[in-house]
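Since the structure comes first, as structure tokens, the remarks are kept for the end.
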């Protein structure tokens with residue numbers, strides 16, 4: 001029996017208040033309006049940014065259905081939708097690509113002007129498709145993937161290879177692409193170069209994969225948790241260092257290790273002190289440092305501008321600089337062609353109802369990526 005055009009009742013993980021567990025609730029998901037797509041979720045990853053919403057580090061309106069890294073199957077489409085059809089395998093896009101704004105038309109930019117910022121908590125038209133206990137529930141980044149069904153705008157979804165395993169390629173929706181693109185697209189890592197990667201979680205490991213794919217000769221992983229070193233080396237790090245093993249600042253250690261500074265450095269933690277350390281450890285005349293980790297909302301950085309005057313470049317990007325709707329299908333095709341692996345990033349698979357266990361694994365440092373299956 002077709003559910004198209006009807007309200008669907010399903011389970012979703014609702015966050016009612018900060019610093020509290022998610023609550024599995026029955027929610028009502030309205031049908032898609034014009035230029036919207038309703039998706040049956042198959043798999044969703046747990047990303048650190050979702051946890052930042054729980055902790056309040058990132059401010060989102062509550063109650064909210066979080067989640068932004070996922071894959072599913074189109075259940076129904078609204079009027080005027082042309083890029084996907086019911087039955088298509090898709091990945092929701094937390095950065096949309098309208099194709100019409102000044103950013104979408106620019107060859108480099110990817111932060112589409114239709115981007116649904118966290119404080120909005122709605123669809124593009126300013127309303128919600130979720131109801132629970134008679135109340136509207138906020139959306140998250142236009143995706144809200146911690147629900148058995150979600151509704152997204154057409155500019156926020158990409159059709160992918162029909163043969164792709166959704167429980168793996170869901171990582172292309174955020175973590176993998178963010179890291180990999182930071183190396184190959186944002187930093188533009190060069191053959192034979194030396195790279196330093198601060199933070200060896202799922203995104204940091206994806207940066208390492210990107211550095212390796214770009215032909216870096218030396219890739220130094222940096223983390224205070226030495227349990228992460230083996231996995232980092234498995235995906236391409238040539239060596240790993242723990243800042244706690246040294247009396248001097250880590251930027252000095254790395255500068256000495258690399259005979260004057262690394263060519264490329266990446267901060268994949270979201271801490272202000274490590275952002276400056278990553279910038280400082282790259283070669284003063286031509287080094288490039290990329291901010292990948294999401295910093296706390298309300299903090300400002302103080303640094304010495306001489307670090308830049310000498311010739312360093314400091315960059316940042318969201319979603320690895322990739323234009324989402326164009327790039328996600330290509331990245332999935334590359335995965336299917338075995339150009340990179342996603343298995344090393346997946347440490348746990350849990351049923352969606354055990355979402356709080358998945359977040360506990362993330363917070364305790366026991367997981368790289370936990371995939372929730374629906």
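Glycine too: its Cβ is placed from the backbone N, Cα and C atoms.
Annotation for residue 2 (N-acetylserine): spatial neighbours 76, criterion Cβ-Cβ under 8 Å with sequence separation of six or more. Per Swiss-Prot, N-acetylserine is recorded for 2, and the stated evidence type is experimental evidence.
The Cβ of residue 68 (Zn(2+) 1 binding site) lies under 8 Å from the Cβ of 47, 49, 50, 92, 94, 140, 141, 143, 144, 145, 173, 174, each of these being in the same chain and 6 or more residues away along the sequence. The Zn(2+) 1 binding site annotation in Swiss-Prot covers 47, 68, 174.
For 98, 101, 104, 112, the entry in Swiss-Prot reads Zn(2+) 2 binding site. All protein chains shown were included, and the count of other CB atoms within 10 Å of the CB of residue 101 (Zn(2+) 2 binding site) stands at 16.
When other Cβ atoms within 10 Å of the Cβ of residue 203 (NAD(+) binding site) are tallied across all protein chains shown, the result is 32. Annotated NAD(+) binding site per Swiss-Prot: 199, 200, 201, 202, 203, 204, 223, 228, 292, 293, 294, 369, in sequence order.
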Exercise. Could you tell me which of these binding-site residues, 47, 112, 294, has the fewest other Cβ atoms within 10 Å of its Cβ?
Key: 294
Quiz item: When the Cα-Cα distance from residue 201 (NAD(+) binding site) is computed for each of the binding-site residues 98, 101, 104, 112, which gives the smallest value?
Solution: 112
Quiz prompt | Which of 98, 104, 174, 292, the listed binding-site residues, has fewest other Cβ atoms within 10 Å | solution = 98
Quiz item: Around residue 199 (NAD(+) binding site), which residues of its chain at least 6 apart sit with Cβ under 8 Å of its Cβ?
Solution: 222, 223, 267, 268, 269, 274, 293
